[in-house]
Amino acid sequence: MRLILLSSLLLLGIFLADGDEVDPDGKVLNSLIYGVMHLQREFANLKGAFLTVHRARSFGSGSERLYVTNKEIKNFEALRQICEQAEGHIPSPQLENQNKAFANVLERHGKEAYLVVGDSANFTNWAAGEPNKAAGTCVKADTHGSWHSASCDDNLLVVCEFYFIL
């Protein structure tokens, strides 16, 4: 939005710097003002539509985070790159409802996927006997949402996490 306003001011500055009789009737200025107001309304409409879709997508899971798969099967490093390119994150459920939303994706596809567990995690969902460093340094979730130690070379379902701070 700021970019639009700055662009409008730049255009006005170009007109003013021309040296000729500039906009004696105020038509250019009024046109710019109208254009900015129109863009502000469009932006508000798009923001509202986006929030509606986001709320609808997250309604069923009770989570404000979205877990989305591209259905590819990749190792941890490839997952990291894919999620980064998509401007998402490797899943890192911080609450039970987030883990459930993540597990729902895995259950629908009948596959396991990687996740990241932070050092200061208040929520964990380790399966019995886990974590087991002998199994690997990465973490995967099964179709029930239970966490297991895993090799980072395993090829698992690609799932990225997206969350919105508004």
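Including glycine, each Cβ sits where the backbone N, Cα and C put it.
Listed in Swiss-Prot:
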DISULFID  Cys83-Cys160  disulfide bond
DISULFID  Cys138-Cys152  disulfide bond
DOMAIN    46-161  domain 'C-type lectin'
CARBOHYD  Asn122  N-linked glycosylation site
SIGNAL    1-19  signal peptide
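Features recorded in Swiss-Prot, as mapped to the structure shown.
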residue: Cys83; record: disulfide bond; Cβ contacts under 8 Å, 6 or more apart: His89, Ile90, Val158, Cys160, Glu161
residue: Asn122; record: N-linked glycosylation site; Cβ contacts under 8 Å, 6 or more apart: Gln94
residue: Cys138; record: disulfide bond; Cβ contacts under 8 Å, 6 or more apart: Phe76, Tyr114, Ser149, Ala150, Ser151, Cys152, Asp154
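Neighbour counts of Cβ atoms within 10 Å were compared for the disulfide-bonded residues Cys152, Cys160, and the top value is held by Cys160. In the predicted model, residues of the domain 'C-type lectin' (46-161) average a pLDDT of 91. The DSSP breakdown of the domain 'C-type lectin' (46-161), given as helix, strand and coil counts, is 41 helix, 29 strand, 46 coil.
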